[in-house]
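Chemist: The following block contains the structure, expressed as structure tokens.
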Ligand SMILES: Nc1nc2c(c(=O)[nH]1)N[C@@H](CN(C=O)c1ccc(C(=O)N[C@@H](CCC(=O)O)C(=O)O)cc1)CN2
């Protein structure tokens, strides 16, 4: 490869960052146990047999135990009635050993996901999806922040330092990533545009941005010539595509091979934002535990 072909962008290593964050969380968990005799506990509920969700839940269980926390897994059949799930959540809300509750998404179609999210105690809602936590984020209060946007923000702050005054575009307006990400960027004094399927000239919006957060779930939709030279690209997409030879491959929402030649820094897929999601879930569980026990412990990786 000649110099003119060599990638310009710095690769943002989510695997390394998340491993360091998990180590820091493990240290805090051991301090909590030794000094305060409290062990944080995370309950994860999986309904059905979606293969990707099964992998994520298995990884959550493994990572939770590695930090020294308690992990409580609840695996329910796909035809579980909504009322059973709500009763399980009521029990977890009242369980003093459980400090964090997460219901893996997506849920089967017969279950109303919003109703389930609203049944979780806001101070145990380690996904940060309950309307109380949504409101706290929007109004600048102290709630629990959704894990993928929180992890993305940690990577951005680590890469750029202050984000103040930078132009950011968030592509996607989901409750899980797009909207909370926009709020976090506003908090960091960015000028934020939220683009979506009805945006008139998406390429022009992206070209104006110093920070691009792609969270649309469309494989390689953002092209390299849309990226402003030197911009920082956070690719939240995780899409499994089938290649002409029948093999499958994970790609993001950004055409990586093109964007890496233009951007200043970029997250790869896999190994970028994805691993931060579980590390931030553990961080939220530790935070929830400390708050529920009125313990004033230092945050793991205070980013803001
Ligand atoms: N209740 C929730 N459900 C879902 C969430 C969530 O935050 N809360 N997010 C996603 C899935 N997810 C965690 O649940 C998740 C996605 C991806 C990764 C990850 O580490 N990805 C790897 C690649 C993994 C692979 O090979 O497939 C990477 O990007 O490097 C972790 C967690 C939807 N549901």
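From the backbone N, Cα and C atoms, a Cβ is placed for every residue, glycine too.
Just lifted these from TrEMBL, have a look:
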DOMAIN    12-127  domain 'Tetrahydrofolate dehydrogenase/cyclohydrolase catalytic'
DOMAIN    146-290  domain 'Tetrahydrofolate dehydrogenase/cyclohydrolase NAD(P)-binding'
BINDING   172, 173, 174, 238  NADP(+) binding site
Chemist: With NADP(+) as the bound species and 172, 173, 174, 238 as its recorded binding residues, calculate the greatest Cα-Cα distance and give it in Å as a whole number.
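Modeler: So the maximum pairwise Cα distance among the NADP(+) binders is 16 Å.
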Chemist: Tally of helix, strand and coil residues over the domain 'Tetrahydrofolate dehydrogenase/cyclohydrolase NAD(P)-binding' (146-290) according to DSSP?
Modeler: 54 helix, 30 strand, 61 coil
Chemist: Which of the binding-site residues 172, 173, 174, 238 have a Cβ less than 6 Å from any atom of ligand 1?
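Modeler: Cβ under 6 Å from ligand 1: 238.
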Chemist: Identify which of the binding-site residues 172, 173, 174, 238 has its Cβ surrounded by the largest number of other Cβ atoms within 10 Å, counting every protein chain shown.
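Modeler: Within the set of binding-site residues, the most crowded position is 172.
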Chemist: Where DSSP helix means H, G or I and strand means E or B, what are the helix, strand and coil counts for the domain 'Tetrahydrofolate dehydrogenase/cyclohydrolase catalytic' (12-127)?
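Modeler: Breakdown, helix to coil: 62 helix, 19 strand, 35 coil.
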